[in-house]
Amino acid sequence: MQPCLLTLRLVSRFIRCSRWCAVRRDDQHSRRWSSSGSDKQLSQGIESVASYIKQQASNILVMVGAGMSTPSGIPDFRSPGTGLYDNLQKYDLPYPEAIFDIHYFMMDPRPFFTLAQDLYPGVNYKPNIAHHFLRLLHEEGKLQMVYTQNIDGLERLAGIPEEKLVEAHGSFATASCTLCGRRHDADQVKKAVVEGDVPVMCEAAKCKGKVKPDIVFFGENLPSVFWDYHLQVPFTDLLLVMGTSLEVYPFAKIADEVGRKTPRVLINLSAVGSFGSRDNDTVLGGDLVQTVEELTKALGWEEKLRALEKNYSLQSVLPGKGTGATCEFLEGEGGEEGHASLRVLLAGTRPVGGLGLSGVKCSGARENRIHNTRMNTRHLPATGVRRRCCSRPPAAAAAATYTPAQ
């Protein structure tokens, strides 16, 4: 191994041990409940948690880890065989963690940028039901704050307000120069990364620094807003921990900082950290998505959660309001006198069925009678929407705007 890489590795490991070290808790605490418990125990636990949320909780602090995003198809970091660190051979790294090491990035940023093409929020992955559940907690006025270890941005995509979200390990939402700290347009950085136009260099005069998204690398400090959890936990009336091993500090420390009288609920494959050491701890073991679905059912929020999912899917397939559509009047398909068949084509959509649109507006070029014709449509097949319109077809297609159904 080259001397510089050996030194880099030693320095990086020292930093991780002192700041980011993945500390595994001694398994000295007895657990009240684990994933090996009976279905009856699990059901009773879910009912108890649901009852507390409905009747008492109004400041729920949520801690989120990689297990929250694996149902969306994003691999976690450390699972043997399937984790991200076990599948980085193609990058020819001196050690797996180098891909998120700031010192290695300064030497060779290409591996990270290649990986980032796949990790950018909204490119290949979307929020799952657990993310929408957090949004529902907010909608119901129950959410105090979400602290997430994840850098995938799925909490943002699910609609968690920025003021309710702390991305402890940073995010792709902003980008900065690694030397001078100058902020850069995150959308432009994303475009460059996705198109392979990397490394992205700083725009500041005389600065030759490399620009990267503001996710926290080994060797960098956590965002200052993270430490505000000290101001949050005194008011927390329920701690909800989802899909994390609680092995990475200082993030994991939050779970031990909440008051001894504050109930703590863990939704995870198994008990982790200090869960089980307090009388008011509850561990809901097993599949995270299934547990969230059962908890939602116990809360009586099933329809609300499905509505959030549907609304997200609608927004993800339609282009922006008032853009990317043409109104095509079809010759020979009129029917009654004074009627013409109309097809609305929405650019950029993929074939979907049962998609509601309302208030489609078609503006005609020749006849005033078709100006601002409005239609209510129910389905969007692959070819667009075809409905009758009370006017005769003009010689050419007209412009169209639309509003997604609420």
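In case you wondered, yes, glycine gets a Cβ from its N, Cα and C as well.
Copied over from TrEMBL:
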| type | residues | note |
| --- | --- | --- |
| DOMAIN | 39-302 | domain 'Deacetylase sirtuin-type' |
| ACT_SITE | His169 | active site, proton acceptor |
| BINDING | Cys177, Cys180, Cys202, Cys207 | Zn(2+) binding site |
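Put simply, the residue listed as 'active site, proton acceptor' is 17 Å from Cys177 (Zn(2+) binding site) when counted between their Cα atoms.
When averaged over the domain 'Deacetylase sirtuin-type' (39-302), pLDDT in the model lands at 89. Summary: among the binding-site residues (Cys177, Cys180, Cys202), the fewest other C-beta atoms within 10 A of the C-beta are counted at Cys180.
Under the three-state DSSP scheme, Cys177 (Zn(2+) binding site) falls in the strand class. Cys202 (Zn(2+) binding site) sits 22 Å from His169 (active site, proton acceptor), counting Cα to Cα. Reported as a whole number, the C-alpha separation between Cys180 (Zn(2+) binding site) and the residue listed as 'active site, proton acceptor' equals 20 Å. Cys207 (Zn(2+) binding site) is 26 Å away from His169 (active site, proton acceptor) when you measure Cα to Cα. Sequence-ordered, the extra residues of this chain that approach the Zn(2+) site, with Cβ no more than 8 Å from the Cβ center of Cys177, Cys180, Cys202, Cys207, are Thr178, Leu179, Gly181, Arg182, Glu203, Ala204, Lys208, Gly209, Val211. Put plainly, the recorded positions His169, Cys207 were compared by Cβ crowding within 10 Å, and the winner is His169.
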